[in-house]
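Quick notes on the structure that follows.
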Amino acid sequence: MSFRSRLRHIWRIARWEVSLGSTSLDRRTLLAGVALLLVAGGIVGAGLALGVEGLSPTQDIYRVGIDDDSPYYDVVADDAALSPREPDREKLETGELDLLVAPAGNSGTVSLTLDGNDGEGVVEAGRLGQSTVSVAHAPTEKGTAALTTFRAAVQGYNDRLMALEPNETAAYPVSVRLQYRPQSSPTGTRGGNSSDTDAGRDDDTETESGDGANDDENGGSNEGSDGDQSTDDGTSDESTDDANLDVDDERDDPDVDDEGGSFLDGLLSGGNSQGSPAEISPPFPFSSLVLAFVFLVPMNFIIQAYGGTILNERINRRGELLLVAPIRRLDIVAGKTLPYLLAAVVAITGISLGVGGGLLSVAAVLPIALAFLASTFVGAMFARSFKELTFVTVTVSVFLTTYVFVPAIFTNVTPIALISPLTLVVMELQGEAVGLGGYVFATAPFFLGSAILFLLGVGVYREEDMFTQKAVPLKFLDAIDARLRGPKSVAIASALTIPFVFIGELLAIAALYVLPIEITVPLILVVIAAIEEVAKSIHIYAGIESDRFDRSIKTALLLGGLSGLGFFVGEKFTAIAQIVGLPELVLGQATLTPAGVTPATTLALFLGPLVLHTVTAAVSALGARKEFRWYLVAMLAATLVHAAYNFAVVSAYV
Amino acid sequence: MSEQSAVERLRARLRSQRLTIAKRELQVLSREKTIVLALVIQLFVAGFSGFLVVGLVSLYDPGSVEGYGIEAAVTGEASDEMLAAMADSDTLSGTEYNSTAAAFVAFDEGRTQAVFDTSRRDGTIEVILTAPEGSIETTLVVAESQEVLRALERQQRTERAASLEVVPLDLPPDRGGNPYFDFTYTVLLPLLVFLPVFISGSIAVDSITEEVDRGTLELLRVAPVSLTQIVDGKALAMIALAPLQAMTWLALLSLNGVGIANGAWLFALATAASVVVVAVAVGISLVAADRRSAQLLFSVGVLLLFAAASFLPGSPANTAALLAIDSATRSTYAAVVGYLVVAAAAAGVARWLAGRVDPNEL
């Protein structure tokens, strides 16, 4: 079949898909949608009519006893999380109040002893400076948290007061400029944010430590002595005056600031670098993160529709007509996927335009969209009912969203954040440059993983799997088996599991992170070993179960060896790709390597994993010859060997 | 046989039919083991949120990192004021350096993590703060330095109080309260209470539209039950599931040391939300043409309703937070009662709709 006719098939199926989707939106559905919109609009309208706009989710969670003539009353009344109540000392003890702000002297119901616990469970926080007000909080975690919130509220209140002061010098006696400078810490954990702008930055900071202090001309009026600023031109590309240039990480998007409601205002204004002490803020890319999250929202709706259409083909043998047509299976799937992919691209591009992202954002989110579609496709191929599909869809959304979102939080902290393509979006929104290496590092696992998932799914896009009610694990084995050919394919399959192993291990580390460290480290070593052993042997088991491979010991050893070899090569390839793509990531690791490494140990370090992978894979393969229980036993043994090896290596390094 | 008892017996029979359908729904769910998947997802969400909270706290709150201290270099004309402001800080300790260059040498050698370069200008103090770039510590160093700078600002303001029209309020002391204490109650807890509700509604849509789609509703109709009863049974199963899950999570949270107050009220709230959402689900799946549009309409619609409800005082998320954190007032309880009333109304509308729809047209 010619390439052009294949394209024509794909195009036609895509057009069917679109027309099918649009006819299902009939009048009644539209009416129901409009009715829902009206109800939602009515609720919002009622809320606005009542005079509340954008309530904070923390509304009134801390109860503060305070008189309404107290100087602090406005502080409490203005803060969303604090709610003013009648001051009553006893209520502090009974847990009906969390914080008490009251005159320090004896006045009516309130009597406070200062500086010390009065023995009744109420914690005195003490008198407020020279004023006559004292603060006490309930002896609970909530009580101390309330005090912390109250403290922040007073700070905010003072800031608002000072903003109204006519005498600026007295109101703002201190001004701060925040700048960042790379520091080679002894632990070797330094790293730039992006691979390509670092060089320039390093150059200019070297000269700073010279003694050029205080002698350069101060162009900006708001500058005092900026001795270490003398050479900062050229660090950044969009700069004109040398005042705020050194602050590479913290460029606010000007168009970001005026978005966001009352609640988000405080959070969205993150990342300032100059002003009064209240105005500077740590490098937490909150606004960019929120905007990056917007990219993920439409994915959830797209995969819902997409999963539905795939499963639809499988119900009542509807897909049979397409299957018997002289069209390749891959083309059918491509045609059915194309409209949803296009919808995703349109949505991504629209959002990118809306939030001020560029081409990079689109290019970075595209692999995420592909991963969403690919995993939904596989899920829809395995699911037995719509109910099951709903769970699959929710699972896909939750896992992928956390997987791409959480690393992006650490964008400014560590280059490892680049395991998520969303980090690229955050970086672009912050105005940082991203190198090609960074892009490939972030997106390649997603592209590769999506391709593998699609291949797996297409493998079972056939009559015997589509229209049967097999259990999901069996279908999974079928899907793997459909991709195997000869023994050599076992090695390739092992290598291809690397992206998934990578993802699985990261998720395991994140999930086990909360446990105490003495448990976490050994547990992680075992879990990592288990994940890798499963990845190396599950396809061997699938192949043997379907009688693709015979059950002789010789075959099992051969398959195991090949699988281990394939996995080893894949792992090494990834490592090399990382070194090429993200040099600064390796910089930290290299400092950890002990100094006196002889060629012999290097060889041992290189060949050690190879031997390990082949041996353990062979053990699992031997077990896979028999029934499932034996496979499990063998894999357990392989996991233990692997974990012991991991443990030995780790303790050798530490 | 009196007429009364005949009616009652009929009622009992109908009820049992509904229960049978409900039971069958639950059996299917447990056979598909999808409910296990749902629990795993929610556990994952909870675990990850815990990870986030711990991560955020250790990023911003040095108190949680045992024995952590920041060494700061102070240099320039206003060093004395700066050092005085640092005296109160537990985590940040300052050392004076004679020259900016010396301070930066110390910074580059890693002996200090921050440099405060101070100068006086027009009666104000200017500070150039240098923090390590792109390291785990950066956030912590900046946050702590900011605290110190604000202390300096307060001292300076107090000295200049005479020329201020309004004297700023004194700051309460810092007793190391967890600034993320409310996160568990205002974000995680509403998530755990309302996510099962959303999933329940989603399954209700699937359950009804799938019967329509596969044509199995015809078979059900051979049994002497009406469409309303079928829908009732399916809805019942889903409504029961969500509050139970929510309560399980709350129990887990309190096992983890998070105090949860007002358990019964939270259960009532989860049940009310569950009834409303499942009623919306039933309504949509009876009206919409096919599963795909029903599912889309449902998820967009419910998210929209939830977002809209957060504009109301006593929004579901805030109500759940207030109840659990034990700050509920009369209006909070009134809100829960209000939700129960809305739930009853929604259930009534959904049943009316089920009675009006002709099963043969589905």
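Cβ from N, Cα, C; glycine included.
Automatic, uncurated: that is what TrEMBL annotation is.
Feature annotations, courtesy of TrEMBL:
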- B:34-60: transmembrane segment (TRANSMEM)
- B:183-205: transmembrane segment (TRANSMEM)
- B:235-252: transmembrane segment (TRANSMEM)
- B:264-289: transmembrane segment (TRANSMEM)
- B:296-313: transmembrane segment (TRANSMEM)
- B:333-354: transmembrane segment (TRANSMEM)
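It is B:264-289 that, among the stretches B:235-252, B:264-289, B:333-354, forms the most Cβ pairs under 8 Å with the transmembrane segment (B:183-205). Listed by sequence, the residues of this chain that lie at least six past the ends of the transmembrane segment (B:264-289) yet keep a Cβ under 8 A from its Cβ atoms are 193-194, 196-198, 200-202, 204-205, 208-209, 212, 231, 234-235, 238-239, 241-243, 246-247, 250, 297-298, 301-302, 305, 316, 319-320, 323-324, 328, 333, 336, 339-340, 342-344, 346-347, 349-350, 353-354, 357, 362. Counting only same-chain residues 6+ beyond the ends of the transmembrane segment (B:333-354), those with a CB under 8 A from a CB of the stretch are 227-228, 231-232, 235, 265, 268-269, 271-273, 275-276, 278-280, 282-283, 286-287, 313-314, 316, 319, 323. Within its own chain, the transmembrane segment (B:235-252) is flanked in space by residues 18-19, 21-23, 25-26, 29, 35, 38-39, 42, 46, 189, 192-194, 196-197, 199-201, 203-204, 207, 260, 263, 266-267, 270-271, 273-275, 277-279, 281-282, 324, 347, 350, which lie at least six positions past its ends and keep a Cβ under 8 Å from the stretch.
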